[in-house]
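Enquirer: Swiss-Prot lists 3-23, 333-353, 360-380, 387-407, 431-451, 463-483, 528-548, 853-873, 875-895, 897-917, 953-973, 984-1004 with the feature transmembrane segment.
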Amino acid sequence: MKFFALFIYRPVATILLSVAITLCGILGFRMLPVAPLPQVDFPVIMVSASLPGASPETMASSVATPLERSLGRIAGVSEMTSSSSLGSTRIILQFDFDRDINGAARDVQAAINAAQSLLPSGMPSRPTYRKANPSDAPIMILTLTSDTYSQGELYDFASTQLAPTISQIDGVGDVDVGGSSLPAVRVGLNPQALFNQGVSLDDVRTAISNANVRKPQGALEDGTHRWQIQTNDELKTAAEYQPLIIHYNNGGAVRLGDVATVTDSVQDVRNAGMTNAKPAILLMIRKLPEANIIQTVDSIRAKLPELQETIPAAIDLQIAQDRSPTIRASLEEVEQTLIISVALVILVVFLFLRSGRATIIPAVVVPVSLIGTFAAMYLCGFSLNNLSLMALTIATGFVVDDAIVVLENIARHLEAGMKPLQAALQGTREVGFTVLSMSLSLVAVFLPLLLMGGLPGRLLREFAVTLSVAIGISLLVSLTLTPMMCGWMLKASKPREQKRLRGFGRMLVALQQGYGKSLKWVLNHTRLVGVVLLGTIALNIWLYISIPKTFFPEQDTGVLMGGIQADQSISFQAMRGKLQDFMKIIRDDPAVDNVTGFTGGSRVNSGMMFITLKPRDERSETAQQIIDRLRVKLAKEPGANLFLMAVQDIRVGGRQSNASYQYTLLSDDLAALREWEPKIRKKLATLPELADVNSDQQDNGAEMNLVYDRDTMARLGIDVQAANSLLNNAFGQRQISTIYQPMNQYKVVMEVDPRYTQDISALEKMFVINNEGKAIPLSYFAKWQPANAPLSVNHQGLSAASTISFNLPTGKSLSDASAAIDRAMTQLGVPSTVRGSFAGTAQVFQETMNSQVILIIAAIATVYIVLGILYESYVHPLTILSTLPSAGVGALLALELFNAPFSLIALIGIMLLIGIVKKNAIMMVDFALEAQRHGNLTPQEAIFQACLLRFRPIMMTTLAALFGALPLVLSGGDGSELRQPLGITIVGGLVMSQLLTLYTTPVVYLFFDRLRLRFSRKPKQTVTE
């Protein structure tokens, strides 16, 4: 009593306390960062190594394996995958959430150093690492185009000046430059001319290397002067290499230009990038795992004007893709939804209380509670994101509930003629414990979420804490500011005021009278209600088992990614044509705004595309509908497949794949894996629950297998080293020398001119100089035949791995797909030597599925414990919790009705319902217990009176929660696919719960009261206290 009186009779102090809460919240709001979702990125580090010309199997055994053994010893590595292709190896290390990325990077560098002695000596550089996940979609893509500059010059400018500058911006983890390669002097050899002159490829390589050196020459000095010695020991352009003497034949000089075509070109000609049908260099910018995407993008945009000034006028720098506009639009939609929810909740209060003065009170209390929450969010290091703003939207209904319970009870005393200050004090005292019980039991629902580990726990923690803080502030404000405002603002009702909104008032009275009559009938037929309650419990179980499930709702971020996979023997020229064809098909779609893509590098038969869709208000289809439409058109393109997927804000794992979900096959027996992977992939491709099934195992690449006759080689004076060097010199784009320039270093690349390698007969023109100086054709000591070879070799841990990727067809859920895959694996009878498991997001889904039921049970148990402590009873918490089955049925039926799968967002809705629907029972039970203690009523009379007296606040709180969630259901625009499942779950649960719990709660109350009396040692005792 004294606590409430302290605030009621000191209005200035109470107002200033509320102002302080509001001011702190405003300051916190201004400093909160903006993000699509809470920070849930795993720390990921990518290690890269190269050995030009080495086969995928050579890279895997000689480069990947030594590095994996060393990197695998690092603490906190949750997953290690590697992919080795022609001349390159990439190892992805994913760490535990709590692992510091900088500390992990130091450990990675130490592991690389430890493995250095085990790596091949011919590697052009040491392995490097980057603190970025290559499988993440870029947060921004910049393109460079020009009508005058070559692709090599554009690439040089991008990699030398733009990429380093952008990499220094806070939050940027990696800037990947694609579409070409650095400038280089290319030496294209003529095998026949070399043979005629008696010059070997090694002779050419040695001559070029010796002619271009960069060594210190020292200095000269006398008594007064000092001269630095400088020589013309470097050759920098193709024109300078052309006249280089590489050999003497019969006294005549053989110059490089006599046996080769020397051009200023690029290091790797098998690279191509495009933007909207125009050749382009792409700068794909990815953020650090812990960075905020909006802040990083804003920093890059702020830097762009400065970068524009350094660019020649003939180079056009454009933003081809930016993730931030859809994120901002999504957050604006949530903010609008929040405002609408507040307005609707206040409207509910006005309709029920029929007083403008009374309505002002929640109109003040709700903003104070919500705004004050921003301060706590800032102190906790949270951000303004879809989940935290949705938590505040839902909190609108919760925070007004506390105010409604206090306000309605005070209003009831005022209507009975009590003076305002006395009514405020008496009304608050009566419901203070009720409000405390409602708030504490609601916060208790989220305690299991705070203890939940892994990605789901990290994702839900921000939601739970934000909502809990809002409820805590609401509890404080409702017991301080609300009674003070009631005492000083409200007046005793007058007859003319009671006539306002007569229609709604009469309707409410009629509803209450009808409810009273129906409740009397129900209390006389309790067994029937018991059967209904048991039926809802059984229906809950059946609906949960049968409803489709997924991890997270499919988002429409306005960005698509596409992976091209062509025939494994395709040439680069043909692959570039496929890229152009696919880009034209997509560019012609009316919903597409921009298309960029690239192909080439170590995997000639693959490519990537990044597609920006038009804003949601300029297109009628969702991203998935656009993908479905494009899939039909793209399927008509022969010789290649383009797999499209919508970019999501949550992506788990470091595997780069052509689809959203992965299923990984592991084996220590590589032969068994290669045997069973095609069988499994073909089987999965027939399943209607899966779409776009593809694999990263490609074993049918064209290979030319050379078999040396070692006896013949020994007789001819040729060793294997010389023969292998010949092949590397001829076909490996071998980097044989370095050209040093002020801004960068460039390479001299030697190979047989592509004009002479158009078919297999090119091998017949190759020759080796033996130890006697004679030219011996390769065909003298080697035979060759075409064969199949892998284009890549993949590992997970230290086991051979193959990952099958898939998307979900429209109308199918991840639970449907995972169940279908499990059935297919069983039907195929896959041997135990080949192990299959879900990876990435699909793996997290499996883990979440296993913990969902435990989480719900833990939440219910926590609420039971809190209620038991508050009521000092084992029984009354069960009465209150009996409201939950009907809410679960309503939520699951609503999801089924809207064809929405049960996702992590729907799970949040279920957890919220546990907290919401029990409020009705708390109000009933509190007043029934009070009536039994002080009114000398029987249990049946007490619960009946409690139901009627609390009918109005029950309706008010339920409608407030319902109207607070309704905008989530009806919202459209960006991010609606996240908001709608939450709103659907809450609205469906509230409607069903309201229909049933008004009858089931009093029946359960009476049932447990009879049970208590039956087992009580003191039968005459009426109430358990």
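Easy rule for this one: first residue shown is 1, then count along the chain.
Glycine is no exception: its Cβ is also placed from the backbone N, Cα and C atoms.
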Enquirer: Verify whether three or more Cβ pairs under 8 angstroms connect the transmembrane segment (3-23) with the transmembrane segment (333-353), leaving out any pair fewer than 6 apart in sequence.
Expert: no
Enquirer: Please give the sequence-distant neighbours of the transmembrane segment (853-873): residues at least 6 beyond its ends with Cβ less than 8 Å from one of its Cβ atoms.
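Expert: Same-chain residues near the transmembrane segment (853-873) but 6 or more away: 433, 436-437, 440-441, 444-449, 452, 544, 880-881, 884, 907, 910-911, 914-915, 918, 925, 1024-1025.
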Enquirer: Could you check whether the transmembrane segment (953-973) and the transmembrane segment (463-483) come into contact, where contact means at least 3 Cβ pairs under 8 Å with the two residues of each pair 6 or more apart in sequence?
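Expert: These two stretches do not touch.
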Enquirer: Within the same chain, where does the transmembrane segment (897-917) have neighbours whose Cβ lies under 8 angstroms from its own Cβ atoms, ignoring anything closer than 6 residues to its ends? I mean 6 or more beyond.
Expert: 394, 397-398, 441-442, 445-446, 449, 456, 459-460, 463, 467, 544, 547-553, 811, 813-815, 848, 852, 855-856, 859-860, 863, 883-884, 886-888, 891, 961, 978, 980-986, 988-990, 993, 997
Enquirer: Can we call the transmembrane segment (528-548) and the transmembrane segment (875-895) in contact, meaning three or more C-beta pairs below 8 angstroms at a sequence separation of 6+?
Expert: yes
Enquirer: For the transmembrane segment (463-483), name the stretch out of 387-407, 875-895, 984-1004 with the most CB-CB pairs under 8 Å.
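Expert: Going through each listed stretch, the top one turns out to be 387-407.
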Enquirer: Report, as numbers and ranges, which residues of the same chain sit near the transmembrane segment (984-1004): CB under 8 Å and 6 or more residues beyond its ends.
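Expert: Residues 394, 515, 518-519, 522-523, 526, 529-530, 532-533, 536, 878-880, 882-883, 886-895, 897-898, 900, 905-906, 908-910, 912-913, 916-917, 920-921, 924-925, 943-944, 947, 951, 954, 958, 961-962, 965-966, 968-969.
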Enquirer: Counting only pairs at least 6 apart in sequence, do the transmembrane segment (387-407) and the transmembrane segment (3-23) share 3+ Cβ pairs under 8 Å?
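Expert: As far as Cβ distances go (cut-off 8 Å, pairs 6 or more apart), the transmembrane segment (387-407) and the transmembrane segment (3-23) do not touch.
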